[in-house]
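In what follows, a structure is listed as structure tokens, so that the remarks can point back to it.
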Amino acid sequence: MLKRFFITGTDTSVGKTVVSRALLQALASQGKTVAGYKPVAKGSKETPEGLRNKDALVLQSVSTIELPYEAVNPIALSEEESSVAHSCPINYTLISNGLANLTEKVDHVVVEGTGGWRSLMNDLRPLSEWVVQEQLPVLMVVGIQEGCINHALLTAQAIANDGLPLIGWVANRINPGLAHYAEIIDVLGKKLPAPLIGELPYLPRAEQRELGQYIRLAMLRSVLAVDRVTV
């Protein structure tokens with residue numbers, strides 16, 4: 001059984017957090033213990049408790065065990081620190097240890113990335129290098145919009161070039177007015193080398209909703225049932 005997997009997106013703001021929420025809720029509905037993990041979060045806000053990131057808070061809220069914020073998001077970067085122009089080291093040992101600790105506590109850990117597959121951290125390294133180091137299977141979120149077929153195929157190819165398995169993809173309808181939605185899904189289904197795990201419709205305030213119903217549970221169980229996935 002795959003205990004942990006990584007969520008990437010075809011771009012920034014394509015819905016990685018709401019898809020992560022949907023996956024966590026779907027797995028929890030099957031009696032699984034789950035935890036969300038956001039190793040590096042940009043654009044965090046100062047609060048009385050310290051820096052907090054809204055995406056990480058969503059993941060914390062749908063984890064099935066009580067976790068301190070730092071266990072969900074060990075590295076929170078402020079808005080000023082979030083630009084790649086602001087150079088600072090990233091403690092990869094810290095985020096690896098955090099992932100290992102969560103993996104011991106739950107059935108599944110959903111690890112949400114930052115930006116797209118090649119988005120750079122403040123040390124000018126893509127987080128994907130850490131994903132390769134951890135040998136995490138990858139699930140891709142495709143924001144359904146103009147140009148998404150190109151972005152999805154390029155992202156899938158980059159993941160394969162890095163030697164990691166793409167175990168599935170989820171379509172997120174971020175543009176409700178987009179024509180030819182069904183045709184886009186059909187083309188992606190034919191061209192991507194992994195199964196469609198779910199389709200999220202356009203929903204206002206999706207990060208506050210029950211989203212597990214939009215995940216194809218049988219397909220999700222199938223891709224997670226193996227001990228190890230190869231490319």
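Glycine too: its Cβ is placed from the backbone N, Cα and C atoms.
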Name the one residue among Glu80, Glu81, Glu104, Glu112 that Swiss-Prot lists for the same Mg(2+) site as Thr17, Asp55.
Glu112
Report the nearest neighbour of Leu203 (ATP binding site) in space among the recorded positions Thr17, Lys38, Glu112, comparing Cα positions.
Thr17
Quick check for you: of the binding-site residues Ser13, Thr114, Arg173, which have their Cα within 10 Å of the Cα of Lys38 (active site)?
Thr114
Cβ-based isolation winner (fewest other Cβ atoms within 10 Å) among the recorded positions Ser13, Lys16, Lys38, Glu112, Leu203
Ser13
To the nearest Å, how far is the Cα of Glu112 (Mg(2+) binding site) from the Cα of Asp55 (ATP binding site)?
9
Give me the Cα-Cα distance between Thr114 (ATP binding site) and Thr17 (Mg(2+) binding site), rounded to a whole Å.
10
